[in-house]
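A.B. asks: According to TrEMBL, the record shows the following:
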type	residues	note
REGION	69-111	region 'Disordered'
COMPBIAS	96-105	compositional bias 'Basic residues'
DOMAIN	147-205	domain 'TRAM'
BINDING	Gln424, Tyr465, Asp486, Asp535	S-adenosyl-L-methionine binding site
ACT_SITE	Cys562	active site, nucleophile
ACT_SITE	Cys562	active site
Amino acid sequence: MLQKKSCDCAHLFLHHSRHWELLCASGPFSQMRAWRSVGLISFVPKPQRPFSFNRHASYSVMASPQATSVLQAQDAQPRPQRPAKRANGASLGPQKKFKPKKNKREKNIKEGSSEEVLGLDILSLIESQRAKNGTSSDDEAAKEPVLPEEGSFIDVEIFELSSTGDGLGMLPGSDQVYVVPFTVPGDVARIKVFRHIPQLNQTISDFKSITKPSPMRDDSRIQCKYFNTCGGCQFQMLSYEDQLVLKRRVLEKAFKNFSNLNPELVPEILPTFASPLQYGYRTKLTPHFDGPPGPRRGKNQKLPFPSCPDVGFMVKGQRKVIDIEDCPIGTQAVRNGMQRERKRMQEEYLKYQRGATILLRENTERFPKGDGEKQPPAETPPYAVRTETDAYTELKTCETDQRATITEHIGPYTFTNPAGTFFQNNNSILGPFTDYIRSHILPPPSTTSSTSSSASPVKYLIDAYSGSGLFTITLSSVFTHSTGIDIAPDSITSARHNASLNNLTPDRCTFIAADAGELFKSVEYPADETVVVLDPPRKGCDADFLSQLRKFGPRRVVYVSCNVHTQARDVGVLVRGEGEGKRYEIESLRGFDFFPQTGHVEGVAILNRVEEDVNSSAQQSAEAEAGNNSTP
């Protein structure tokens, strides 16, 4: 459609699709063609990112002052109104309301999303640079920003690293922040300007090269030839110690920006817990490929691939697949499976008429030594990986069938799941991770006066969002009884099977298929003797669930999250304790590095219930009553 922007040359934007009707005051599209023929407007293609097949073209229309005046005159004219009745007096019937089409490009920014996190980091950088340079927002507003042309190449200095893993750079004398992937503070990078977003003081760019490296950068550490192009990793040029420090900083910023808590209520973030493996740790990869290039096809139209498609992962910031021959962060079994599937694709790609995602999931089969019944094969199968320990032989293979059963071993515990379902992808850290939670899940021997002083021992565990039972099972040894709850019936089926595999009977461990929001309506555990473990999806917990949790008031809460920003938001709700229910205080915060070489960090928050509100309220009531009794 056609819309006007308020600026001197009156930019007009036209988006081309199948329907060419112009729903605007300037009339049908034929009038636009007439304007173009006399030089009133001109069409300029807008820059587009590479895409495997682009069905919709986009143009920028530059209007001359004459065309601008025509549009303004037409806008001033009153639009014709639909008559209430026909000429013969008959009613037109109910008036149909016009509903404007939604702009698919418009996107509501969700709380805790990468867009919001990036925006807050940009604002923080602008403020810090203004303070450093002794300028203010009024000084910058008085300047007319001169931005480099989209598509041009420039050098920019990187000042900060966003929590999304992207470098943030600025040019002298400007508040515009350039988002540059694969960079770190101190780099001077050559970039290609892709798109300016002036209202957000943000410019999206593509990384091209390093003009001047940062002291933090060591490119000899990079182990993947696709780094700087593939969007999977961001930190391969950094030492692992620097990666852990940066991820600790991510957690600090999350609680600063999203918890709405006074700084004194947030304890110092503990050092990030390191992964035992920094490469070769991912037990699951999902490479994919696009469909055949060409126009959209109907049900009866099948266009074959002209050649074997690129199979791999997305180019950073682009909707384009880069062909990946090997991924060094995958386990050896997964990497072997990737080679096998790439070879199969070269032989069978003509069978596909559309794009697809390939599942690569590691499966581990153990053969205890000295067991006469179960023996490993004499020869290792192709693409499998065989390892030996004093206690057993392990055979690791790669499964691609979504319905295949996968076996995982976490310390002394065994878990099975369908290959297509979720399970943590870094087994090397899962053992230490669950050990850490187990050792911190009970109240410490001594508590402060503000926390729960109840002498009742903690006996019960509620595992909300339990999935296939990872926490319910691995923490069960600490409790008299444990209950796991998940909304997915298939997950509950897997969890019950896993409990049986680990010799946990229903009198010790049970699972319920229900929405976590309904959990506390039927639970019979005493709150003083209960710990709740939360491991919600990236969006975090909803307000109703947090309200129910506070009304139930468990002794302790352990909040595990793959999104530390929504975690900080939810922990803030529990700590502020507004409205009905218990209030909590933060005992500890720590990040766990489940995904080395990336900007991702897992967060663990341990909370204690606060009792001072109840005690102070009772004391105030007693004092008020005493005061009333002493009044003559």
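Cβ atoms here come from the backbone N, Cα and C positions, even for glycine.
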A.B. asks: Rank the binding-site residues Asp486, Asp535 by the number of other Cβ atoms within 10 Å of each Cβ and report the first-ranked residue.
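C.D. replies: Result of the Cβ crowding comparison: Asp486.
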A.B. asks: Report, as a single number, how many Cβ atoms besides its own are within 10 Å of the Cβ of Gln424 (S-adenosyl-L-methionine binding site).
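C.D. replies: The answer is 19 other Cβ atoms.
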A.B. asks: Neighbour count, 10 Å Cβ-Cβ cut-off, for Tyr465 (S-adenosyl-L-methionine binding site): what number do you get?
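C.D. replies: So the number of other Cβ atoms within 10 Å of Tyr465 (S-adenosyl-L-methionine binding site) is 21.
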A.B. asks: If you measure Gln424 (S-adenosyl-L-methionine binding site) to the residue listed as 'active site, nucleophile' at Cα, how many Å is it?
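C.D. replies: With the alpha carbons as reference points, the distance is 10 Å.
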A.B. asks: Who sits close to Cys562 (active site, nucleophile): which same-chain residues at least 6 apart have their Cβ under 8 Å from its Cβ?
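C.D. replies: Set apart from Cys562 (active site, nucleophile) by at least 6 residues yet with Cβ under 8 Å, we have Pro537, Arg538, His600, Glu602.
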A.B. asks: Helix, strand or coil for Asp486 (S-adenosyl-L-methionine binding site)? Use DSSP.
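C.D. replies: For Asp486 (S-adenosyl-L-methionine binding site) - judged by DSSP and reduced to three states - the answer is strand.
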A.B. asks: With a radius of 8 angstroms around the mean position of the C-beta atoms of Gln424, Tyr465, Asp486, Asp535, what other residues of the same chain does the S-adenosyl-L-methionine site pick up?
C.D. replies: Phe422, Asp463, Ser466, Gly467, Leu470, Phe471, Pro536, Val560
